[in-house]
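According to TrEMBL, the features are:
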ACT_SITE  K53  active site, proton acceptor
ACT_SITE  Y273  active site, proton acceptor
BINDING   R151, M321  substrate binding site
DOMAIN    252-378  domain 'Alanine racemase C-terminal'
MOD_RES   K53  N6-(pyridoxal phosphate)lysine
Amino acid sequence: MTESDGRLAGPSVDHGAARAGAILTIDLDAIVANWRFLNAKVAPASRCAAVVKADAYGLGAARVTPALYDAGCRRFVVATLDEALVLRPLLPEAEIFVLSGPFSGCEEEFPAAGVTPVLNSTEQIARWRAAANRLGRPLPSVLHVDTGMSRLGLCADEARLLAGDAETLAAIRPILLISHLACADEPAHPLNRKQLEAFRSARALFPGLPGSLAASSGIFLGSDWQADWCRPGAALYGVQPTATGDNPMRPVVRLDARIIQVRDVDAGESVGYGATHLARTPGRLAVVAAGYADGLFRTLGNRGCGYLGEHRVPLVGRVSMDLVIFDVTGLPNELATPGATISLIGLHNSVDDLGRAAGTIGYEILTSLGRRYHRHYLNGSPR
Ligand SMILES: *Cc1c(COP(=O)(O)O)cnc(C)c1O
């Protein structure tokens, strides 16, 4: 992987990019603008943390988090302690929350690094309390209650017991109560209201403790769901958080892959592994330097598309490890030429479009982006 900075109108042309088969352009200013937009949308009652787990959804947490920090973001959320330890030196004054909580034997690494775990179970709470007792001081934590996801978090009975346990609460000193919505991307789903009510009941057990329920899509359910803190991830990176209408978020990612070879096919010739595509008429194919090892799902075979300039070009045959093939029949030779790039994510095809074509969601497209792309960061202070 190579990296570069700057502002470019078209596909990147610097030297690292010249060697690369494909160029991933990541607009840090757009990420910052998306965070500011969400933060303003939930103000003044609520504020936005930034979820930067999985290397900021594949976009490079070491580049994304300083840009958000410079914009004023002071709360970051990751999945694992390892992710937090990488970010800690980059974000001197910020809080970092770890969603998976402490694994046994690693509790004391959290206070040593100045990182706060989310406590998801009575078992984690017991170990956190024991660590606080060993260190002889309260250890702050984020408390997670389950309200309908059946994934992580205390159930209602466990939360009630904890609320009556003053000694444990003093040791684990909760600073935030969180829960997570299962169906926030379906505004009409009855579970959204049910989870809100369950969350309100849980909050009533811990008077004065700030709450956080909404991730990206939850923000758009309305102010009832926004509580004190929101936790957007995907929307920061341009994934559409709303079920219908235009995407309110600015696009963040562009993916341009280079044509290695353009070749003619005769009617009846097969294309790619398994010969799953047959040319019906004489045509032209562009073979492009990106494949499933770069995060182009095999399910895109004979389903995906790219854009050569303004022209939609269908992906034909199976996706190979390092290559995909597009049908460029009828397009001008000066466009469909070796070295030219075909856009896989861009103006005409969003990360959500690519996800749909692959039978998945934009989230999985982003977190599957490969390490071989030349990564070109637009704006943001280089550090
Ligand atoms: C991943 C995650 C988020 C962020 O979700 P998005 O849908 O990407 O905004 C927030 N909270 C929790 C608990 C998560 O696991």
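Glycine residues also receive a Cβ, built from the backbone N, Cα and C atoms like all the rest.
Cβ neighbour density within 10 Å is lowest for Y273 among the active-site residues K53, Y273.
If you take the C-beta of M321 (substrate binding site) and look for same-chain residues 6 or more apart in sequence within under 8 angstroms, you find G291, Y292, A293.
Reduced to three states, the DSSP call for M321 (substrate binding site) is coil. Non-local neighbourhood of R151 (substrate binding site): H180, each in the same chain, at least six residues away, with C-beta under 8 Å from its C-beta.
Between the alpha carbons (Cα) of K53 (active site, proton acceptor) and Y273 (active site, proton acceptor) lies a span of roughly 35 Å. In terms of DSSP helix, strand and coil, the domain 'Alanine racemase C-terminal' (252-378) has 23 helix, 46 strand, 58 coil.
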